[in-house]
Amino acid sequence: MEEDLFQLRQLPVVKFRRTGESARSEDDTASGEHEVQIEGVRAGLEAVELDDGAAVPKEFANPTDDTFMVEDAVEAIGFGKFQWKLSVLTGLAWMADAMEMMILSILAPQLHCEWRLPSWQVALLTSVVFVGMMSSSTLWGNISDQYGRKTGLKISVLWTLYYGILSAFAPVYSWILVLRGLVGFGIGGVPQSVTLYAEFLPMKARAKCILLIEVFWAIGTVFEVVLAVFVMPSLGWRWLLILSAVPLLLFAVLCFWLPESARYDVLSGNQEKAIATLKRIATENGAPMPLGKLIISRQEDRGKMRDLFTPHFRWTTLLLWFIWFSNAFSYYGLVLLTTELFQAGDVCSISSRKKAVEAKCSLACEYLSEEDYMDLLWTTLSEFPGVLVTLWIIDRLGRKKTMALCFVVFSFCSLLLFICVGRNMLTLLLFIARAFISGGFQAAYVYTPEVYPTATRALGLGTCSGMARVGALITPFIAQVMLESSVYLTLAVYSGCCLLAALASCFLPIETKGRGLQESSHREWGQEMVGRGAHGTGVARSNSGSQE
């Protein structure tokens, strides 16, 4: 075996990293081609391609000038105790976000009856939350890119906690309208927890971990319904609002442990802070730090909207905006439709719908019954199989095909509701539809942080989240107002929107499956080191992979 070993001994030095990218010495950048002479090995070697994230053999290392990037360190340290703690902490933020969203479908019918609100005011109460989220999502993304992921997330959570508790003491409709809007403004920053979380995850674990963090969303929605079952009959909606803020309070107490992203620190020039964070992770995980010197990435302007519309990202950004719009439009529409359809009973009976319209026009109302809560709980439990299905297919089909499949299944279930079905079949169809639309949402949360570079990752996720809130803003007027006029038209709108979103998913120019996170907006996607042998020479080139 000893005679098979060989060494690289040709300058300029080619350093192989786990990211699959190449770094060349500045003396020979003009030629674009770098030869590596291999001593003692015959000519005619076949091309060898190093996969992204592949470990580099020690015999290829440069013993005199070892360097590494944050991506290398994260891959070397791996997944361990630190990431488990981070999962729980960011999961609390997600759980709180889910509870604040789920409470809308419970609070709306309650206030409709208690305060004798017309349908448009009930819809407005839901929409104002999404107005706040829409107006703040880009702002929180910009703050996270400019001042750090931890800073943006902490401020948004504390903001939501403060106004969430205040809204429980609202004396009249106008007060709760304003306060819930301010709650929505704070919730707009909670998705930045995904940005922070993703930047600490090794490549092989990233998709699975981001999907598993979505389990906390499912737990939040289920917990909110269970909480409502016990709290609403005895204590009322004000106590429900107060108790729903408990996960936010826990996050506020525990967030002192939360570190800043090492990727952000390097990009902003804080090399020492980044190294300290990486050493902390290595210590907690019981893994060694990479040897050598941490490379400081070229400092770039961060959080600039124009960077989302460079030729490389323009179509990705526009298509993602529509995908996120459709996800939220359909997901929250289904959440609101669930309570409306269960209260209506036979959704296929036109005469019953007319009676319901007449009743609602006279401001008659129905409180959610115990049966309504149980059916709501069953459909909410669909979040869990949604996570499991997405977890199983996302690394097999890829991110794009997973999103497309979820949209298609949701559309199919929506169309089946055109058939006259009983309550049990209605519950089953809503269960399947919600499982897959939540799965599509989860896949989008995996794809978006992966496709944007560190300099614009938070802003990219923030703008996508903002477009999602536009969809959520519109959906109450479809699910609660249009439903009174036509059940079929309402279902057709949701089904058609998701079919278009499925097409948009297929046309995304970049597939991020198996890719490392991009550090710089000046690097092309899919750069790989390829060793080519011809006539006794190995040639290493940096090739830009095509956009799939």
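Keep in mind that glycine also has a Cβ here, set from the backbone N, Cα and C atoms.
Swiss-Prot assigns S234 and L341 to topological domains of the same name, so the membrane does not separate them in that record. Outside the transmembrane segment (181-201), and at least 6 residues removed from its termini, the chain residues within Cβ reach (under 8 Å) are 74, 79, 82-83, 86-87, 90, 93-94, 96-97, 100-101, 128-137, 139-141, 143-144, 149-150, 152-153, 155-164, 167, 209-210, 213, 258, 261-264, 281, 445, 449-450, 454, 457-458, 461-462, 465-466, 469, 517. Only residues 6 or more beyond the boundaries of the transmembrane segment (317-337), in the same chain, are considered here, and those with a CB under 8 A from a CB of the stretch are 101-102, 104-105, 108, 126, 130, 308-309, 403, 407, 410, 430, 433-434, 437-438, 440-441, 444, 447-448, 451, 460, 463-465, 467-472, 474-476, 478-480, 483, 490, 494, 497-498, 500-501, 504-505, 507-508. Under the criterion of 3 or more C-beta pairs below 8 Å, with sequence separation of 6 or more, the transmembrane segment (88-108) and the transmembrane segment (426-446) do not qualify as touching, having fewer than 3 such pairs. Most Cβ pairs within less than 8 Å of the transmembrane segment (374-394), among stretches 123-143, 210-230, 458-478, belong to 210-230. Contact count against the transmembrane segment (402-422) (Cβ pairs under 8 Å) is highest for 490-510, out of 210-230, 458-478, 490-510. Between the transmembrane segment (210-230) and the transmembrane segment (157-177) there are fewer than 3 Cβ pairs closer than 8 Å, counting only residues 6 or more apart in sequence, so the two stretches are not in contact.
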